[in-house]
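**Student:** My questions all concern the structure below.
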Amino acid sequence: MECLRSLPCLLPRAMRLPRRTLCALALDLTSVARPVAACGRAANLVGRSRAAQLCGPGRLRVAGEVHRLRTSDVSQATLASVAPVFTVTKFDKQGNVTSFEKKKTELYQELGLQARDLRFQHVMSITVRNNRIIMRMEYLKAVITPECLLILDYRNLNLEQWLFRELPSQLSGEGQLVTYPLPFEFRAIEALLQYWINTLQGKLSILQPLILETLDALVDPKHSSVDRSKLHILLQNGKSLSELETDIKIFKESILEILDEEELLEELCLSKWSDPQVFEKSSAGIDHAEEMELLLENYYRLADDLSNAARELRVLIDDSQSIIFINLDSHRNVMMRLNLQLTMGTFSLSLFGLMGVAFGMNLESSLEEDHRIFWLIIGIMFMGSGLIWRRLLSFLGRQLEAPLPPMV
């Protein structure tokens, strides 16, 4: 009896199946065994063979597969429930704007992308996946299709003015974009590149006057000492300038990587491969790949100009730093020379001060009785000290004179 009682607990462990699956198999066996019991011993044997088939490895394997499928469905449903939600802003060819929220899984399935394509990265990149252009510009992420432009998660980025005032007019052709006669993806790429170039230009226009003002205050010859607060401000501005130079460098490298690969230029022309009419126009006269190359080269030159301006500021900072070091060395040399002069004066005075020490000893002489001898000794001490000090100063001056340049 005890063995029968422990059988429900031991059977799932022995079969390595969940209890629910065993219960389902037991119900199938009982439904088959009931008609078998009414047909005698032969029917009983047939029922046993049928039960053996139901409990065989094939039947158990099917049950395990069903259980795994149910588990995978549950896990997928759980992942879908916790998937991040994107705030998507959609711009069409006419400049119409619509905003909506969509889960990440639904979004990349709808666009035909992979989950890794929608990951946020702070490094700028331009990639093409499944006839979709994915542009990452630090905090800005955009997906360009032949029909629309999608901006993902623009909140808390201070982009409202550009998104809802400037970008729709640029995409609809009312702005000052040079790619208006070309397909939609050209206007979208140019609008995003123009925004990023303007952002970098704005950072440079803020840093440039601050750096120049600080440098003028530091290298001013009227000030004999260096203001530490100005040096601290210059250090902070130098760090900001280094970050700006890094951003410009990454921007140039991203564009240059595309310009070096003709296949990437062809892939950026989305409408060429999705619209037969555009493909015929591109094959007949207007080469969209060349237009894309000209567009990227234009913004590469603009980024190169920004890089040169930032490099000039860096050179000014380095030159000013050299001037500051020279001034500090000059002040240090003056202080060292003054210290040396005072040391030589002290030595001269101490040397002739030995005469006074001789009179301070307990020696008998008749000179102490004459008051004129006191002033005579004092005069000799100061005169001798002055002569020796002057001699030492002339020697120091000869030693510190700059050597003459060699004759050519």
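Any Cβ shown, glycine's included, is placed from N, Cα and C.
Quick paste from Swiss-Prot:
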BINDING   Glu243, Thr246, Asp247, Glu312  Mg(2+) 1 binding site
TOPO_DOM  63-339  topological domain 'Mitochondrial matrix'
TOPO_DOM  360-370  topological domain 'Mitochondrial intermembrane'
TOPO_DOM  402-408  topological domain 'Mitochondrial matrix'
TRANSIT   1-62  transit peptide
TRANSMEM  340-359  transmembrane segment
TRANSMEM  371-401  transmembrane segment
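I'd like to know what surrounds each of these features in this structure.
**Tutor:** For Glu243 (Mg(2+) 1 binding site), the number of other Cβ atoms no farther than 10 Å from its own Cβ, over all displayed protein chains, is 12.
In the predicted model, residues of the topological domain 'Mitochondrial matrix' (402-408) average a pLDDT of 55.
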**Student:** Counting all other Cβ atoms within 10 Å across every protein chain shown, which of the binding-site residues Asp247, Glu312 scores highest?
**Tutor:** Asp247
**Student:** Run through the Cβ atoms and count how many others sit within 10 Å of the one on Thr246 (Mg(2+) 1 binding site).
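**Tutor:** A count of 10.
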